[in-house]
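The disulfide bond annotation in TrEMBL covers Cys64-Cys73, Cys106-Cys115, Cys148-Cys157, Cys188-Cys197, Cys230-Cys239, Cys272-Cys281. Under the heading domain 'EGF-like', TrEMBL lists 38-74, 80-116, 122-158, 162-198, 204-240, 246-282. Annotation source TrEMBL lists signal peptide at 1-33.
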Amino acid sequence: MGYERSMRATQGLLRKVLHVLAIAASVAGVSEAWKAPVFDPCANFACLNGGICTAPADVPFCLCPDGFGGNRCEMRPAPVFDPCVNFACQNGGICTAPADAPFCLCPDGFGGNRCQRRTAAVFDPCANFACLNGGNCTAPADVPFCLCPDGFGGNRCQMPPVFDPCANFACLNGGNCTAPADAPFCLCPDGFGGNRCEMRPAPVFDPCANFACLNGGICTAPADVPFCLCPDGFGGNRCQRRTAPVFDPCANFACLNGGNCTAPADVPFCLCPDGFGGNRCQKRAGTHP
Ligand SMILES: *[C@@H]1O[C@H](CO)[C@@H](O)[C@H](O)[C@H]1NC(C)=O
Ligand SMILES: *[C@@H]1O[C@H](CO)[C@@H](O)[C@H](O)[C@H]1NC(C)=O
Ligand SMILES: *[C@@H]1O[C@H](CO)[C@@H](O)[C@H](O)[C@H]1NC(C)=O
């Protein structure tokens with residue numbers, strides 16, 4: 001600004017000096033004498049755009065008006081390039097051009113390269129879906145529904161809690177509460193019992209579980225004390241031992257005709273049916289062989 005003002009002043013002064021000199025010359029009648037060609041460095045030194053040539057040291061140069069430059073005032077500074085100057089954004093959009101390519105930053109609800117277009121408002125399926133009684137609308141798949149507080153129901157949580165006898169009746173171990181007559185009880189999985197399915201039956205105590213009998217012996221424990229019933233010829237508490245075969249005096253003492261061998265004193269004899277006799281009942285009574 002200061003430069004500009006002093007430049008204008010200089011130009012004005014210069015014009016006045018030239019004017020005064022012209023007047024003085026004509027008044028003094030020396031105009032003839034001045035007709036001798038004087039060397040004028042500005043004679044062929046045209047300044048453009050209103051510039052004024054001056055040559056205080058015989059070297060001409062142009063005093064240029066504001067906004068012009070170059071040695072003949074032929075240059076204008078290039079305007080600072082502003083990509084947003086002619087790029088109007090509408091609807092409150094703001095032009096920005098970080099890479100010299102202008103574009104509009106649009107406010108919510110507007111789009112298009114000049115924010116000239118209304119975009120659809122973001123679709124909110126819950127917008128008009130009120131949930132009652134403290135329920136919260138949710139719409140993970142764009143279909144709104146209400147998350148209701150405990151006990152409330154209905155698609156808007158409009159239904160008050162119904163009396164649920166099972167509400168505070170927890171069944172343990174996978175049991176399910178049921179209350180067909182408003183009195184809750186637990187249906188317990190197999191192996192559980194008690195009114196909350198909290199009980200397991202004690203495992204049945206089997207005294208024979210780890211009491212192996214050998215040689216075909218069979219464990220038994222009628223009074224919870226296990227012992228082995230051993231087959232003939234075996235003994236020991238696990239039937240592990242071979243015993244001597246029991247002496248049977250009747251073993252080879254066959255009785256005929258339905259007689260039965262007996263040997264109360266280890267001496268075998270036959271009890272014969274009526275009508276038979278002999279030591280093997282081989283004789284018909286009253287006959288002689
Ligand atoms: C509803 O949302 C509020 C706030 O997030 C929360 O406190 C409340 O527990 C929610 N209710 C249900 C039923 O989810
Ligand atoms: C409890 O209900 C569940 C689901 O219905 C079922 O799978 C399960 O077998 C039920 N348990 C009993 C003990 O009834
Ligand atoms: C032999 O024994 C059988 C069976 O115990 C019995 O039915 C029968 O009467 C007996 N015979 C004699 C002669 O004792």
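Using N, Cα and C of the backbone, Cβ positions are placed for all residues, glycine too.
Automatic, uncurated: that is what TrEMBL annotation is.
Residue counts of the domain 'EGF-like' (162-198) by helix, strand and coil are 0 helix, 7 strand, 30 coil (DSSP-based). The disulfide-bonded residues recorded for this entry are Cys64, Cys157, Cys272, and the Cα of Cys272 lies nearest to that of Cys230 (disulfide bond). Close to Cys239 (disulfide bond) in the fold, though at least 6 residues off in sequence, lie Cys213, Leu214, Asn215, Gly216, Gly217, Cys228, Cys230, Pro231, each with a CB less than 8 Å from its CB. Here the domain 'EGF-like' (246-282) is broken down by DSSP into helix, strand and coil counts: 0 helix, 8 strand, 29 coil.
The DSSP breakdown of the domain 'EGF-like' (122-158) into helical (H, G, I), extended (E, B) and coil residues amounts to 0 helix, 7 strand, 30 coil.
Neighbour count (other Cβ atoms within 10 Å of the Cβ, all protein chains): 22 for Cys64 (disulfide bond). The disulfide-bonded residues shown are Cys115, Cys188, Cys281; of these, the one with its CA atom nearest the CA of Cys148 (disulfide bond) is Cys188.
Put simply, Cys272 (disulfide bond) is 166 Å from Cys73 (disulfide bond) when counted between their Cα atoms. Here the candidates are the disulfide-bonded residues Cys64, Cys106, Cys157, Cys188, and by Cα distance the one nearest Cys281 (disulfide bond) turns out to be Cys188.
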